[in-house]
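**Student:** According to Swiss-Prot:
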| type | residues | note |
| --- | --- | --- |
| BINDING | G375, D376, P377, S378, T379, A380, K381, S382 | ATP binding site |
| DOMAIN | 325-531 | domain 'MCM' |
| MOTIF | 507-510 | motif 'Arginine finger' |
Amino acid sequence: MSGWDEGAVYYSDQPQFPEAGDAATISPHAVLTKFKEFIRNFEIEQNCFPYREALLDNPKRLVVHLEDLLSFDSDLPSLIRSAPADYLPVFEKAAGEVLTGLKMREANEGGVMEEPLTRDVQILLTSREDPVSMRLLGAQYISKLVKISGISIAASRVKAKATYVFLVCKNCKKTREVPCRPGLGGAIVPRSCDNIPQPGEEPCPLDPWMVVPDRSQYVDQQTLKLQENPEDVPTGELPRNMLLSVDRHLVQTIVPGTRLTVMGIYSIFQASSSSNSHKGAVAIRQPYIRVVGLEDTNEASSRGPANFTPDEEEEFKKFADSQDVYKNICTKIAPSIFGHEDVKRAAACLLFGGSRKSLPDGVKLRGDINVLLLGDPSTAKSQFLKFVEKTAPIAVYTSGKGSSAAGLTASVIRDSSTREFYLEGGAMVLADGGVVCIDEFDKMRPEDRVAIHEAMEQQTISIAKAGITTVLNSRTSVLAAANPPSGRYDDLKTAQDNIDLQTTILSRFDLIFIVKDIRKYSQDKEIASHIIRVHASANKFSDENTDSKEDNWLKRYIQYCRARCHPRLSKDAAENLQRKYVTIRMDMKRRAHETGEAAPIPITVRQLEAIVRLSESLAKMRLSHEATPDDVDKAFKLFDTSTMDAARSGINQQINITGEMANEIKQAETQIKRRMGIGARLSERRLIEDLARMGMNDSMVRRALLIMHQRGEVEYQRERRSIVRKA
């Protein structure tokens, strides 16, 4: 037996780390040492150690730039990129040991003796490299470090994720700790107990381990859903989603609607299935990203990205200093559309926007401009919406008939696997910092239209559903297009009949355009010539790359102006605006007194703020930090040709009513009251047809209904299709 005990024992260090090229010869201890040296000794300039100082300022987390790691040691970034799940814990251990050493040095210098503590530090990675498209992530990226970008559309509640599970054997009471896989992975509990039974003792059965939750170790964990940026989605395809897992200090830092750049480990997990019928799919795994670094790129909060080249900035400043900047920008707005110069000016103001302000008492005033295009079909309203969606840095396009209140604001979704509720942002949330284009605005149900009242003025969306109470940001401009109730704008009807929208929603629009299809020989000839020329020259003389470069230049210039310029009104401009606003109010009061009816579009303090925003957007176009009286004059002119024209429309029709017309209207009122009892409901079309058989004039019947509606005697329902007698 002694022969078995003789001889030397040889051993080798064989770590369970994957090979990473030339770095395969590096031992775990050497990697740990290199990470510690990097945190201690990396310096930007003489005696400036950023990571050492950052660790002392915030001992819970340390943000590391991979470019700094590469300049310090070329092997470390390749190790982290190839096997981040193995080397990140080593990095965090190194950070904890460095922090402990720094704290002990501080304590010794201060003459205070402290017991050294093992500190947990979360390492967060960031890089200046370009993100990978979500559509290109495949099997070759599994367990590798990737960088993607998108919009967070949903966030779950915070859960407790076990890092170590404490187990107790039910038979012999032996204990052990089992580590859990990070992310969405679980713990691998052994099937048998490794305790050797004494003679006469009964051996431990199969699956004897029992989890003790109170003695296990936990961290906070949250799951997010990331969606592709709208501008990255190919035409005609649905946006892709990716599940994200964040833990520890990244929890509850992101709300739906935030634009993110994510650095993480592309991982897989087995999704739980409610049925056991999919036995053949045992090898199928669902991808997700375990986040190891988050960067908020939302332009509304970070004031836009600073990734403008010096050449671009010089070009933008040169353009801003040129003559007629306002005119040059308006010529770049929808050049394929003939005419509609005022609408193009409004679209330019909407794209640049005003300045968002925060008052000392915490109240925030919106800087985004809302525009409504109301008018006849075939007047290029939808074309304007499409152009703005393509040109705005952030934009979401939707149609009124296919949009619900939840789809526009936010919805509460129940997770099919965990059965818990989580928030999913709608169009107004996803377009935070950009533009929402809503076509067929008049086709929306009134209750859905009411849902965006708060989003249009306060620029927040309050949610109180299924136990979730929160406020989401929706700092967006709204560009809406609508048709009158009868399909076309009828000059024989009053403005109240043509603009069938509530006063509450109309007052939230800064500019309201009534776009009419005017039949004029010379104008029709020019429009026809322009459209034929556009169709004939499409893809013939113009290069698509040239058009895309022009659009991209305008988008970049808008982005630059919104990020770098936040103008305010000058003193002279403020006095000029005050005089003009008082004049408008007195003019509307005089007209209402003459006609005896209220204006269809109210002129309130919101319209005063609208002119302020328009003036600021005009100053922003030329990168000026001060809006001048000339800007106020241009803004007032645009406001006068849009909202004021709409408010004045139809009023003069009520002035010159002859005695004969008054008698006919009175007779029509009498017949309507005789035909409908109090509380009765009747179709407007049927009522007009019935009275027409009695010899009543259609226009007089409509005028009588309008007067009774203003007095509160009848009420329109179901989009003005039916009438209910109230009194």
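Including glycine, each Cβ sits where the backbone N, Cα and C put it.
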**Student:** Give the residue from the binding-site residues S378, T379, S382 that has the most other Cβ atoms within 10 Å of its Cβ, counting over every protein chain displayed.
**Tutor:** T379
**Student:** Pick the one among the binding-site residues G375, P377 whose Cβ has the fewest other Cβ atoms within 10 Å in this structure.
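**Tutor:** Result for the binding-site residues G375, P377: minimum number of other Cβ atoms within 10 Å at P377.
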**Student:** State the residues, same chain only, that lie 6 or more residues beyond the ends of the motif 'Arginine finger' (507-510) and have a CB under 8 A from a CB inside it; answer 'none' if no residue qualifies.
**Tutor:** 369-372, 453, 456-457, 478, 480, 601-602, 604, 606-607, 609-610, 613-614, 639, 643
**Student:** Summarise the motif 'Arginine finger' (507-510) by DSSP state, stating how many residues are helix, strand and coil.
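**Tutor:** Helix/strand/coil tally for the motif 'Arginine finger' (507-510): 0 helix, 0 strand, 4 coil.
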**Student:** Please give me the CB contact count at 10 A for K381 (ATP binding site), counting all chains in the structure.
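**Tutor:** By my count, 26.
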**Student:** Under DSSP, is T379 (ATP binding site) helix, strand or coil?
**Tutor:** coil
**Student:** Note down the number of other Cβ atoms within 10 Å of the Cβ of A380 (ATP binding site), including every protein chain shown.
**Tutor:** 21
**Student:** Suppose you look only at the domain 'MCM' (325-531); what would the mean pLDDT be?
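**Tutor:** In the predicted model, the domain 'MCM' (325-531) has a mean pLDDT of 76.
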**Student:** Within 10 Å of the Cβ of D376 (ATP binding site), how many other Cβ atoms are there?
**Tutor:** 17
